[in-house]
């Protein structure tokens, strides 16, 4: 077919035809009547051609990623695409010659895939149902178009059908062999009908083959022989190959239009090239999805394992802490138990028991009974008297003897004598002996030195014989000088007998002693009475005589405890039963 078309072009050149498009432009440019008639036909075909051209270009961007699909569906999808595109093309009415030619042209077009263009190495199919595998089934992609002859009165403007396809320089996915394709633009112009002007029709088809192994794509068009009455306009065959960038001679304005469309579409075709990586990247993402899920599962497993390890470590630490805590508590309890057991065994063992003080026990037993015999006494007397004497009895090595002064008014004379005697006997009850008793009222008129000697003999004899207590009644009635002997027995550091008790009684000159009197007041009353009795300004000062200084020393040694005694009616009436 290609050889036939080339031979026809040679014959037409030999017969005197130059460039129909150029000649028609020159003639029509000089004829104003033709120019006015040519304006209308130019607009409609141009718009139609643009619709035919721009629509595939937009489809080119959308369907570029579908290149390289199944090969067996190429022919069928081509037929469906052609049938869908034909209503969109608005062609002028055909004359009889074209009607006779159209069946063969349609048959030829059905054998080729419509709107299939090859540019720069990639095959682009504008049919949305066309799959990429069709490239593998077909060896050649053919684009064929029939150009319709202009109607009567058509001017120099001819239809320029420019079909542009561009593809990326990169090979499509699935291409196993690389190669360069040769692009051929073959067109034949339809014969002008009767009354046609000089204008001809030039169809410029640009076709570029894909990078499939060397195969050629052909653009073929059937041309009808020129009919009678044809003008100077002839047919323009433009053969544009991929090696040549400039249009051939005679292309005229149609060639420039094709070049412009080629430049625009080649620029727009670059974006599908970059977007062609989309399906591949999606497939890669799909292929990577299981890997990502596996990695995520692996990470989750690692996280769970780490959490379990942390929990186990926490449990270990808690167990260690609990062990240390409970262990320390148990150890502490054990130590406390051992200490308590040791203390209990220490105090409960017979060898370590503190020996009981029989003198103290006997005193406490006797002293507790005195409360019943001498009712009406102050609590101070019982508490302070028991505490003072008990302390002295508890001391294993006392530093001085226990000296107590009981005092009472005249109405409590018998009660004072009886109570002091029972207290002294209670103190010495453990020795099963009675206390030494000295009455100062009986020796009031005797010589001071004699009384002093007698008092010394009685006290020393009694203490030496086991009598641990002595009672000196009416201490205020003794001669003043004789009382100096008590320095010997009541000294703080150099007392002759330190483990004994001396009970002294002082009868006040007052008739009654109030029960509410305080211990301090009682002590002052006793002190004033002794100073009045033992210090006399008319008595000469001598070693054997009492003075205020000596009395002050004596008072400091005997006044450790001064207790008031209230009279008991029964004892005052009947006397003290010793």
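Each residue, glycine too, has its Cβ placed from N, Cα and C.
Between 11, 394, Swiss-Prot assigns N-linked glycosylation site to 394; no such entry appears for the others, which is not proof they lack it. As annotated in Swiss-Prot, transmembrane segment covers the listed stretch 326-343 rather than the other ranges in 326-343, 344-361, 362-379. Ranges compared are 267-287, 288-308, and Swiss-Prot records region 'Disordered' for 267-287. Taking the Cβ of residue 301 (phosphothreonine) as reference, no residue of its chain lies under 8 Å away while being at least six apart in sequence.
Around the Cβ of residue 394 (N-linked glycosylation site), 11 further Cβ atoms fall within 10 Å across all displayed protein chains. Confidence over the topological domain 'Cytoplasmic' (1-325), given as mean pLDDT on the 0 to 100 scale, stands at 44.
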